[in-house]
C-alpha cells in the first residue's frame, strides 16, 4: 500500500489537504495590498457558495426525476447509433450518466 492509500483509508481524504492549502493561500492574500481584486473575488465566491449548492441540488433533483422518467419510457430501446452499453436508460446509473452528458452538451448530438 502506498502512503496516500493508508492516509485515505485510516484518516481523511488527500483532497481535504488541498482545500486546506487553498485556505492558507487565502490568508496570505489578506496581507498583500496588491491582491485586493483577488480578495474581492474570493469573498464573492464564498458568499455565493450556498446559492451554488442550492442550484446544484435543484439540477440533481431534475436529473433524478428525468432519469426515472427515462427509465420507465426508454429502458428497452434497441442499441444502435449512440445508444450503447454505457449511454442508455436501462439502469439508474446509466440514465444519470446519459442525462449528465446531455446536460453538459458534451457529445449529446451523438445520442
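Glycine is treated like the rest: Cβ placed from N, Cα and C.
Residues or ranges marked as domain 'Ion transport' by TrEMBL: 12-110.
A Cβ distance under 8 Å defines the sequence-distant neighbours of the transmembrane segment (40-69), meaning residues of its chain 6+ beyond its ends; these are 26, 29, 89, 92, 95-96, 98-100, 103. Taken from TrEMBL, the feature transmembrane segment applies to 40-69.
When the domain 'Ion transport' (12-110) is classified with DSSP, helix, strand and coil residues number 75 helix, 0 strand, 24 coil.
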